[in-house]
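Notes to accompany the following structure.
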Amino acid sequence: MASSRPLLMASPRIPSSHDFQSISTLNDLLKPASTDFNNPFESSVNSESIVHSSSRRTGTSYQRRASASNSVREMNFGDLGSRSVSYGSNRVESEGFGTSQKEINDEDARLIYINDPAKTNAKYEFSNNSIRTSKYSVISFLPRNLFEQFHRVAYIYFLLIAILNQLPQLAVFGRGASILPLAFVLFVSAIKDAYEDLRRHRSDRVENNRLASVLVNGRFQMKKWKHIQVGEIIKVPSDQSLPCDIVLLSTSDQTGVAYVQTINIDGESNLKTRYAKQETLLKNPEKEKISGFIKCEKPNRNIYGFLANMEIDGKKMPLGPTNVILRGCELKNTEWAIGVVVYAGRETKAMLNSSGAPSKRSRLETQMNREIILLSLFLVVLCTIVSTLFGIWLARHKDELNTLPYYRKKTFAGGKEEDYNYYGLAPEIFFTFLMSVIVFQIMIPISLYISMELVRVGQSYFMVRDDDMYDEASHSRFQCRALNINEDLGQIKYVFSDKTGTLTENKMEFKCASIYGADYSSGAACEKVGYTVQVDGQVLRPKMKVKVDPGLERLAKSGKGTHEGKCIHDFFVALAACNTIVPILTDSNDPTVRLIDYQGESPDEQALVYAAAAYGFMLLERTSGHIDIDVLGERLRFDVLGLHEFDSDRKRMSVVLRCPDNIVKVFVKGADTTMFSLINKSLNLDVIHATEAHIQKYSSHGLRTLVIGMRELNGPEFEQWQSSYEASSTALMGRAAKLHQVASSVEKNLTILGASGIEDKLQQGVPEAIESLRIAGIKVWVLTGDKQETAISIGYSSKLLTGEMTQIIINSSRKESCRRRLQEALDMLRNCTRSSRPVALITDGTSLVYILDSELEEELFLLASECAVVMCCRVAPLQKAGIVALIKNRTDDMTLAIGDGANDVSMIQVADVGVGISGQEGRQAVMASDFAVGQFRFLVPLLFVHGHWNYQRMGYLILYNFYRNSVFVLLMFWYTLFTDYTLTTAITEWSSMLYSVIYTSFPTIAVGILDKDLSRRTLLRYPQLYRPGQREDCYNPKLFWITMVDTLWQSLVVYFIPLAAYWKTTIDGSSLGDLWTLVVVCLVNLHLAMDVVRWNWIMHVVIWGSIFATIICLIIIDAIPFLPGYWAVFHIAGTASFWLCLLAVPIAGIIPRFVVKILSQFLCPDDIQIAREAEKFGHLIGRGGSEIEMNRSSNPLRRQMS
């Protein structure tokens, strides 16, 4: 009869790098636009982040970054105090955002007098430039470190036990021995913390003692960084780091441009431009005194925003983010830069952002507390039994207490009769209870905590050294940034993923274009070495190669003689000029050839500029006032009259140029959702329709699209725009709103030039990884800022969406509409559930504005939790965090968030496990994460292999520690019952202390680090084997109680067999105690050995070596004359019963467990056991179509896979 059990099928193969082919994905617009553009939240965030100056600026990504940074800030640093975080748009409090987004008022400003630090610091003494990243000082180390360590309740418990043992009435063990275990644990942790802090002290000392050139008495002199003050003027040479945050005054460049690298701030290696104001550019502080002041915002964490005004020689001017250079940035391609210090030391933006990710506790450790409470109650029960029975014994023998040798009530010392340490019946019962707590204290295993820490360190070492998670492209290994949640990787149920840079490479390549209604995407593109030009006897060519369309290339070279040629000319001029790219010359292997490396913050802009160069429109130079472009061999200069940067409200950018023929033109590029509304539809309607069709075609092929438009400005229009632009740029209040109005006045009635298609490829192995995650029962949700078509396309190409899925799409701009669509979706979901069709939910950020933080949130949860796939498009960073919180707060399932950019930090920190990707968008996500990987596909070995191993090992480690200590406590409990409840112990105090430290600790640590229930190959081949972690099969209340029942049996065997063997013999209690110690150590180590799956030489050494170490310790302890039980072990070892007990007790104790284990594996084997047997008989797997039959489960996802 055919089996009805599900089949364990192989996972999709994760190919090696040479197996991959190019996979196109659908994306939208620029990555900087990855926010919800239509909700009031984003508008409010970006209301004041665009701060222009009379100097031309760069940095199209500032608005996106300001938005992301502020969203992150609300989640990361708790600026809201007791306020609850609102994930929707309508209830976001402005206090959650940096002051960079608001107008400066007197309360929120600081006044800095240029080159006058004394006057600057006279009223308010600002922070000096000394930094401190260390936690402790010599004086504060001991109290603060102890305070932090005693945050663990178990440490307080053992401290109280040690204090009780110091009281004469309660002293059971030696006073030193009772303190030693806790002191050892505290000492080891303190040494570790001290070593780490010492390294921080040394780093701080080196940093603070670095030298910088500071203007003192009219001359620049060297000064230590720690002595620099706010208001001083400093000079920074090329390739040097900035010691503090400065406002740029002048540079070696005649136009006031400085190039900086911000890799130490945000991880981005691309050069960024900063500008000095024209009013200060020509001032030499060594020859003439610069007088004035700066009124700027108070220190805040927003590294992408800065709002200030500067007054020089009576003239006021605005300052923005491009006028300031932050501490940690490096000056590049600029000989020197001079600036005035505005923030120093701990008030610099870099130091304010130095906080790490929030502390997280593993699910297993949280659940462990439940069992610790149960063990504590069990301890109370044992102590209550002992004290109660002791009270009964006292009452029965009250007439004999005066003369009982081992309980003498009366003392006749000094010829005077009096009570000897007897306080009455009730106090004696109470004291006995407390003494019982001291004797049975190891019921709560203090060694468990340090064992868990050591095991996690060992596990992290092997995860970091795993070559399967080494990214050759970025030369980066796996990073374990949070040691305390390793085991959570084995219980993940939901994965929330960003798209661009996480599922895709975020490396853009120009693929095709639509120019004036003509589609240039069908031709066979060929790769060119690149267009080259000759300048000063040297050949210049672009650093990157671009595939070009032969037909388009031929038309581009034909010139502007035809209308078609003129449109192509304007299209590529727009691509080369409408951006913030900076061309940097680099050397090549050929000394006669130099390469042009186009540096910029947006990969999309880089791709467009490289494409323009490939077609003969090569950007050669960019300054604050002009752009030089080589157009088909002729170098042309375009004067930059104004730049309206990209922002998430307009979703476009524009540049106003005076062309070589003196015609003023406005070039605009942006998202199709806004650009088509600006096109003059009275002209060339056929071209507009054709372009729209081409954009739809490009999107369906997974390309990111931009629309390019242009208009000419006549004399009056230009003059009106110029006056408005200059007035708005220098406005002290409402600057951003005025600049928006000015931009809108020229970004209208455009002539459409065309559209571009850029490919963002899927990362290697993404489809196979997602399919494996799905087979493992993990739901993958994609949260992206891109448009819906892009998300759907990436869903199909990555195998997240399939053809058999029913798609439920919710796009609503009103609350009532959202409510209606949610109800309709729930009805549809019920119909799909009856037909067993998987459902995919697709929604957008506008809908989430009205759903999150409202009564509709519960309906969204009911809908989304039943869907196989959820995709959220056009979502803001806080909305991403809100979606994660929706699942985390309403279910017990473990969540994992993975992303690569600053806009992913919020969801990474909200999720149970946060994973950052070292991608193209910097290191913000990595810095805020718990773990970091190079590519998305590394989630598969991270979860299926290391996550599975870590969870299985840690679950066993905790249960084993409970079992090991409980056996020992119950052994002493039985002895107490047979000694009239006097709490005397046959086992010496030193053996009691060493039991958890030396006798049994090392084997558990070795197993927790090295044991493997299944091989890596099997775990990767059969993703279903990940599900036991989701079901908590390795650690749950049922296993705990089974362990406790087994513990009870083993304690009875350990105590009564030796007792029976030596009943009515001359062997004393100390000798019997040594036998009990030895047999219990043998038993628990054999118990552990029976559960070890992968044996190696280390396992043998620690398990059998622990038994040998116990024997040695017993011999040493009993050989010391002044310790109790002198020579006891030698007395009992000379009897035959001693050796029989050593053999009989472990066998009798383990037999029940062994029998139950064999029967359970034979009658109802679980998935792990089936796979283990298949590994043992390798011929059953590894053949092409072979499958392993798996057990049924109540989990509906555990069905037959075909």
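Placement of Cβ uses the backbone N, Cα and C atoms for every residue, glycine included.
Unlike curated records, TrEMBL annotations are generated automatically.
As given in TrEMBL:
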- Asp498, Thr500, Asp900, Asp904: Mg(2+) binding site (BINDING)
- Asp498, Lys499, Thr500, Glu605, Phe646, Lys669, Arg704, Thr784, Gly785, Asp786, Arg874, Lys880, Asn903, Asp904: ATP binding site (BINDING)
- 44-53: compositional bias 'Low complexity' (COMPBIAS)
- 56-68: compositional bias 'Polar residues' (COMPBIAS)
- 112-178: domain 'P-type ATPase N-terminal' (DOMAIN)
- 177-195: transmembrane segment (TRANSMEM)
- 372-395: transmembrane segment (TRANSMEM)
- 429-450: transmembrane segment (TRANSMEM)
- 957-978: transmembrane segment (TRANSMEM)
- 990-1010: transmembrane segment (TRANSMEM)
- 1039-1063: transmembrane segment (TRANSMEM)
- 1075-1094: transmembrane segment (TRANSMEM)
- 1101-1123: transmembrane segment (TRANSMEM)
- 1129-1151: transmembrane segment (TRANSMEM)
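Per DSSP, the domain 'P-type ATPase N-terminal' (112-178) is made up of 34 helix, 2 strand, 31 coil. Listed by sequence, the residues of this chain that lie at least six past the ends of the transmembrane segment (1039-1063) yet keep a Cβ under 8 A from its Cβ atoms are 371, 374, 955, 959, 962-963, 966-967, 970-971, 973-975, 978, 1072, 1075-1076, 1079-1080, 1083, 1087, 1132, 1137, 1140-1141, 1144-1145, 1148-1150, 1152-1153. Within 10 Å of Thr500 (Mg(2+) binding site), as judged by C-alpha distances, the binding-site residues found are Gly785; the full candidate list was Phe646, Gly785, Arg874, Asn903. The separation of Asp900 (Mg(2+) binding site) from Arg704 (ATP binding site), Cα to Cα, is 19 Å. Counted over all residue pairs in Asp498, Lys499, Thr500, Glu605, Phe646, Lys669, Arg704, Thr784, Gly785, Asp786, Arg874, Lys880, Asn903, Asp904, the record's binders of ATP, the longest Cα to Cα distance measures 28 angstrom.
Between the transmembrane segment (990-1010) and the transmembrane segment (1129-1151), the number of CB pairs under 8 angstroms, six or more residues apart, is fewer than three, so the stretches are not in contact. The distance from the Cα of Gly785 (ATP binding site) to the Cα of Asp498 (Mg(2+) binding site) comes to 9 Å. Taking Cα separation as the measure, Asp498 (Mg(2+) binding site) is nearest to Asn903 of the binding-site residues Phe646, Arg874, Asn903. Taking the C-alpha positions, the distance from Phe646 (ATP binding site) to Asp900 (Mg(2+) binding site) comes to 21 Å.
The candidate set comprises the binding-site residues Thr500, Asp904. Of these, Asp904 has the most other Cβ atoms within 10 Å. Per-residue confidence over the domain 'P-type ATPase N-terminal' (112-178) averages 80 (mean pLDDT, predicted model). Around Asp498 (Mg(2+) binding site), taking its Cβ as the centre, 30 other Cβ atoms fall within 10 Å, counting all chains. Of the recorded residues, Arg874 (ATP binding site) and Asp900 (Mg(2+) binding site) place their C-alpha atoms 17 Å from one another. Other Cβ atoms within 10 Å of the Cβ of Phe646 (ATP binding site) number 29 in total over all chains. Of the listed binding-site residues, namely Arg704, Gly785, Asp900, Asn903, the sparsest Cβ surroundings within 10 Å are found at Arg704.
Packing around Arg874 (ATP binding site) is summarised by its Cβ count: 29 other Cβ atoms lie within 10 angstroms of its Cβ, all protein chains included.
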